[in-house]
Each structure stands twice: as C-alpha cells, then as structure tokens.
Amino acid sequence: MASLSSQSKLLATPYSFPYHTKPSRVSLRRVSCKASNDNKDKPNDQEKTFSIDRRNMLIGLGGLYGASNVFPSNQSTLAAPIQPPVLPDSCHPPEDLAEGVNVLCCPPDVKDPIDFQMPSNPSRLRIRPAAHLADPTYIEKYKKALAAMKALPQNDPRSFYQQANIHCAYCNGAYDQVGFPDVNIQVHHSWLFLPFHRWYLYFYERILGSLIDDPTFAIPFWNWDAPKGMHMPHMFIDPNSPLYDAKRNPAHFPDTIVDLDFSSGEAPSHNPRQIGNNLSIMYKQVVRAKKARLFHGRPLQAGSFPDESGDGSLEGTPHGNIHLWSGDPRQSNFENMGNFYSAGRDPLFYAHHANVDRMWYIWKNSLGRKDYKKKDWLNAGFLLFDENAQPVRVYVRDALDERKLGYAYQEVDIPWINSKPKPRKANPWPNRLRSKATTTTKLINKFPLTLDSTVSFEVKRPKKSRSKSEKEDEEEVLVIEKIKHEPQFPLKFDVYINDEDEDPSAADQTEFAGSFVNVPHFHRHGDKKDKRQTTNLSIGISEVLDELDVDGDDSIVVTLVPRVGSGQITIGGAKIEFVRDEED
C-alpha cells in the first residue's frame, strides 16, 4: 500500500469520473393509468394486458413466491419483492440523462455473487462518531482510509470510483428489475430508500476498515439535527484532504447554518430562528411519521415503476434539502451532492447518509415505532460488494438491527424530540361555515392543476372527532396525488393546513405541514412520450388537526406554495387516508 503522504499528493487533483458515450437502447412503452377522476377505477385494455403479463412474469420468478403467496384476494395484480440485479445482464448505461451527461455506472463483472451471512455477535461494536465531535486522531485515520480507497484501480469494486457509481446505478435507472427488462430498479421514492442506503454504507465502512487493517473503524455521521452539528463538518473542507470535494456550494461552508427547509437558489440563511426552525422540521418529519408507510415510504414491488410509489417523510425533508444545500449551484446539474448520479462522488454524502440511517435507529428505538412486516419489503434485495471485492446479495430482512451488523452511533443529545411546532393562531378556520364567511382565499375545485402560483383547496375528511385510541390505531394522512414533474430539475413546494393569512406560516409553526422536494436525478420511463415522473406525497396530520383544534371539522383547507420550479409541477388531486401500523 502506498504511504499516506504519497496518497495525499495523488489526491491533490480532483478524483476523475470519466464520461462515456451512451449507446442507444430500446425500451418497451409503459402502460399508464388514467389520471382523471372519472376513470380512476376503470383500467383500460392496455392496463388489463399489463396486469396479465405482469402476473405471468411474476409466476416465472420462482416457486418461492408462488400463487398462494402473491395472489392476495383483494389485489388484482401479483406482488413480489424486488430482487438483486444479475450481472452483467441487468446493468446498462442510465437513460434519459441531461444533455451532456453520459456516464457508465455499471460495476465490473468479477466473481459469482454469494448470499450475505449475518456476522456472529460482535465482541466490540463499531461506533460511528458525530463528525463535529471527532478528534484529530480519528480524522487522520479516516483520511488515511479514504486515501487508500481512492488509490485503488478504478476497476476494483472497492475503489472510491466504483463505490460512488453504486449510487449512480441504483438511482438513475441503470439496473433492470429481474424478470422485467423494461422496468428499472430505483431505490428512492419508496420503502427501499432506508434499507438500501444502510447496506450501501455498511460495505463502504467495511472496505475502509479493511484498507487500514482496522475492523473497528466506523464512518462519521453529520449531526445536522443538533445545533452544534448544523454546519458542514470542518473535516470535509480542507482542499488538501481526501475528504474534500470541489463541487460544493462555497456559500455554505462553515459556519453557515444548514437550512433543513432549503429551497434551491436561496441565499444562505441568516434567520435568527434558523436553528429553531430546523428542530421543528425534524420533529415534523420524524416524530409525526408514526406509521411505517409515512416514515419509510410507499411499497414498491417487482414489476412496478417507481412512479407508482412515494417518498417517506425523511427522504424528502431533510434528506433532499441537504443534498441540494450541499451541491454546487455553479454546476449545470448541481453536482456533486445536488444530483443523485454524482452524489456518491462527494465524501460528505456518506456522513450525510449515516445521519439519515441514525434517524431510522431513533425512530424505532427512541420513539418506539414499528417497521413494515410485509414479506415484499423484508425479502427485497440488492447486490453490493464487500471488503474482499466479492459481490454479495443482501436483503432488507437482515438490515433491521444495526447492532447485529456490528455498529452503533455515538450517543448525543436529540433536542428536536420535544420541539413541537406551535400554531400561529388559536383555532384558525374553526368550521366550514365560518371559514367561508371570514376568509378571502379563493378555493379551487378542479384537478389536475399546474402549480404556477399559490393555490388553496378543500379536502373532505371521511372521519372526524376520533378518540385517542382511534388516532393511535390509525393515522390520518393527507395525500397529494399524482404529482407529475420532470425529475432532472430541483423542485420544491410547501404544504399548509388551514393557514388563513396571506403570508405562509414559518417552519416552526403547526400550519406548515410539510414539503415536496425533488433532488435532480434521471431514470427510465416506460412511457417514452412523457418524460415526467409521477409520485405522491403523504403527510401525517392527526396531531396537526388536534393542535389547530379542528378535529371536529368536516374538511380542511390545504394550501400549496411553489418554492422551486413554479409551473413545472402538475397536481392530480388530494385526499385523506387512514394508515395503520400493519398493511398486510
């Protein structure tokens, strides 16, 4: 192995990620669903054909998911878990990339894959430290490990080049789903988000430790959810360090406070309430996400396009906002952190996602929440490379307990758990009759709509005045449906409930319920005629309605405010759902 000093000299120049010519590829046309309300329950002939073809294909995946397991009586189509891709056949250059971006994300074809074996109970856990609390000895160790990773040949699956490409491949349509050559694997915008990234960081960490012969080495987490960690960690900003990346927003270097509600294009925040706003956002996105579907995201099964799912609460905000806050606005596609194809090229990415992973730990252990129990989630799988350059098939079921994987997080304060937002006004819009008599807000009543200005609309509530036990059993959820947009652009709109003032409520106020955030990415579309992505936004609102004292109302007024990409988003509708812990 080269010495640390020689590696540091090697890394003084930017790490190279060459571009490649993108070959053409034929893709089958996606069967799209009817968008209008009149036809929502009437599949057309193409949809029926797709349902039959998908059913036959799933039966062909094997006896493990035979008809008795994947033909629920209340579903018209089969379900089965996403399977690990098969190399090299399942991988190809990403499609629908932005002009001038031609990348090759596929890993080298080196060995036959093996199934992951859970390690025996470790005698000593790897402890991931908060980045801002790391001591100089640890920082030097991390620099040495990453320098060694960057010094590996680019065709080595353990190299930083190949590790960065993992995110590119899984997040930009480079992998086909097993059995569905016209449907890509996408690990964002669904229940795959948290377990995939946990596995990704697990092997990244193991490789780093092996390169410095230290099995106890653990990567740091960017503690952006606590006041003293709400800035880009200093260990990542030395231009002469392997932890540095030149493609970041220079206006956001320390000690600029991170904005967890960041809208792309905004100037650095100097809001004296910024820290309080950040803590309130963390409360909304983690504490209020009481059910697995809200926290993890909607299901995604084999044969389904990612368009048919939806983000969990953590993925949009703060995860997406931090990607955009860190990315370089001087780059055409907000590289590196600001675009999924390039995010893994920045060492800051792994510290960011370590804290995202930590949120999963907190959600389960500090808040007592429950993961999905669906087999299609537990048996979903991915293909990654271990510290021996061995391709390994891994499954969600083995990633549920980080301690069994041999690591834990440094214990630090979690101030946002008690940072509940407060209403701007007591009992706003107390009932439908009074709201109509007192507000000057014009309510729209026609969908779909193009979100090119602030809009408000009424959403009926199927149930009201529920008991405490009913609310604990079922979370009331506001669903913004059929959000259509082009995924290669940064986008954001905010959602407010019963916010009657012309100026929207602040992030630390109850009326501000949440946001839709899109980090630029590229993925294959089944329908080549429509390049837009379709998704859904789900927000738990039981606690919000209690705090606003409107749980007895027949309806709520929802206001959408475009922040980034005005006019580039179409909204298909909105409704109220009730979500339980288990959705088998």
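Just so you know, glycine gets a Cβ as well, placed from its N, Cα and C.
The transit peptide annotation in Swiss-Prot covers 1-32 (among others) and rests on sequence analysis.
Annotation comment: Swiss-Prot describes 33-79 (among others) as transit peptide, evidence class sequence analysis.
The disulfide bond annotation in Swiss-Prot covers Cys91-Cys106 (among others). DSSP assigns Cys91 (disulfide bond) to a strand segment in the three-state reduction.
Residues or ranges marked as disulfide bond in Swiss-Prot: Cys105-Cys168 (among others). Annotation note: Cys168 (disulfide bond) sits in a helical segment as assigned by DSSP.
DSSP classifies His188 (Cu cation A binding site) as coil under the three-state reduction. Taken from Swiss-Prot, the feature Cu cation A binding site applies to His167, His188, His197, supported by similarity to another entry.
Under the three-state DSSP scheme, His319 (Cu cation B binding site) falls in the helix class. Per Swiss-Prot, the feature Cu cation B binding site maps to His319, His323, His353.
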* Structure fact -> Apart from the site residues His167, His188, His197, the 8 Å Cβ neighbourhood of the Cu cation A centroid comprises Tyr170, Cys171, Val187, Phe193, Phe196, Tyr200, Phe340, Ala343, His353
* To do: Count the Cβ atoms, other than its own, that fall within 10 Å of the Cβ of His353 (Cu cation B binding site), considering every protein chain shown.
  => 25
* Structure fact -> Comparing the Cα of His188 (Cu cation A binding site) with the Cα atoms of the recorded positions Cys91, Cys106, His319, the shortest distance belongs to His319
* Cα-Cα separation of His323 (Cu cation B binding site) and His167 (Cu cation A binding site), in Å? -> 13
* Taking only the Cα atoms, work out how far Cys91 (disulfide bond) lies from His353 (Cu cation B binding site), in Å, as a whole number. => 24
* To do: Calculate the distance in Å between the alpha carbons (Cα) of Cys168 (disulfide bond) and Cys106 (disulfide bond), and round it to a whole number.
  => 9
